[in-house]
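Worksheet for the structure shown next.
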Amino acid sequence: WIMGHMVNAIAQIDEFVSLGANSIETDVSFDKNANPEYTYHGIPCDCGRTCTKWEYFNTFLGGLRKATTPGDSKYHEKLVLVVFDLKTGSLYDNQAYDAGTKLAKSLLQNYWNKGNNGGRAYIVLSIPNLDHYKLITGFKETLTKEEHPELMDKVGYDFSGNDDIGDVAKAYKKAGVTGHVWQSDGITNCLLRGLDRVRKAVANRDSSNGYINKVYYWTVDKRASTRDALDAGVDGIMTNYPDVIADVLSESAYTAKFRIATYDDNPWETFKN
């Protein structure tokens with residue numbers, strides 16, 4: 001999965017997909033009542049990027065729905081996965097459940113079109129704080145209450161705080177999550193980070209009793225660091241330059257081992273080294 005980083009304006013969806021992304025990451029900020037409000041990152045952000053592009057969250061979902069609904073004039077067949085980077089740092093811990101509830105309602109209405117030919121992309125809810133695991137509970141219970149539990153088949157999870165892998169496993173246990181787990185590791189492109197924790201995550205994925213289904217690394221903009229991440233066995237790379245990742249994937253060293261994921265590739269299925 002080539003994951004376009006910080007895609008917060010509708011116009012950027014076309015831009016990143018045309019550069020080779022089959023997945024995008026979108027920031028979601030919340031108001032003080034735990035309503036998802038904007039797709040917005042803010043300053044500071046990655047080096048070389050404009051930090052302040054934004055839409056209202058529900059407006060963005062409408063654009064995203066069009067981009068992922070077959071038959072729509074804005075449809076992109078290859079856009080198959082969306083990571084919502086949920087900026088829950090502005091919320092109190094006890095608001096996490098409400099945030100999950102409100103997020104589910106927004107997606108149901110504006111993305112899934114109440115289950116009637118809505119957007120088809122797989123969704124990853126990426127949460128920065130292990131203490132906010134109840135966001136997952138709120139999300140799940142709301143879709144059940146709204147009589148669309150089947151949509152959970154399209155939803156996966158990520159805790160993005162670079163926490164100890166054992167602590168992440170405990171948070172999933174509390175949330176009752178037993179699959180659909182993506183594990184992120186990384187840092188802003190302005191700084192360097194080694195691959196030690198990525199290797200631990202890959203080892204967990206490849207073990208017989210691990211909780212991780214897929215591992216992705218962020219934010220990778222250079223060919224050398226792309227090769228290092230691929231050599232470590234990641235499933236996804238988040239980048240500001242999808243064309244760089246696509247270029248490296250076309251090198252002879254990688255064409256035999258990797259290919260770009262399509263809609264038929266189940267993102268919750270573990271593919272071991």
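Placement of Cβ uses the backbone N, Cα and C atoms for every residue, glycine included.
As recorded in Swiss-Prot, the features of this protein are as follows:
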- HIS5: active site (ACT_SITE)
- HIS41: active site, nucleophile (ACT_SITE)
- GLU25, ASP27, ASP85: Mg(2+) binding site (BINDING)
- CYS45-CYS51: disulfide bond (DISULFID)
- CYS47-CYS190: disulfide bond (DISULFID)
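Cβ neighbour count for CYS51 (disulfide bond) (all protein chains, 10 Å cutoff from its Cβ): 15. Ranking the disulfide-bonded residues CYS45, CYS47, CYS190 by the number of CB atoms within 10 A of their own CB puts CYS45 at the top. ASP85 (Mg(2+) binding site): 25 other CB atoms within 10 A of its CB, across all protein chains.
Most buried of the binding-site residues GLU25, ASP27, judged by other Cβ atoms within 10 Å, is GLU25. Of the candidate recorded positions, HIS5, CYS45, CYS47, the one lying closest to ASP85 (Mg(2+) binding site) when CA atoms are compared is HIS5. Here the active-site residues are HIS5, HIS41, and the one whose Cβ sees the fewest other Cβ atoms within 10 Å is HIS41. Take the Cα of HIS5 (active site) and measure to each of the recorded positions GLU25, ASP27, HIS41, CYS190: the nearest one is GLU25.
One way to see the shell of the Mg(2+) site is to take the Cβ centroid of GLU25, ASP27, ASP85; the remaining same-chain residues with a Cβ within 8 Å of it are HIS5, MET6, VAL7, ASN8, THR26, VAL28, HIS41, VAL83, PHE84, LYS87, SER126.
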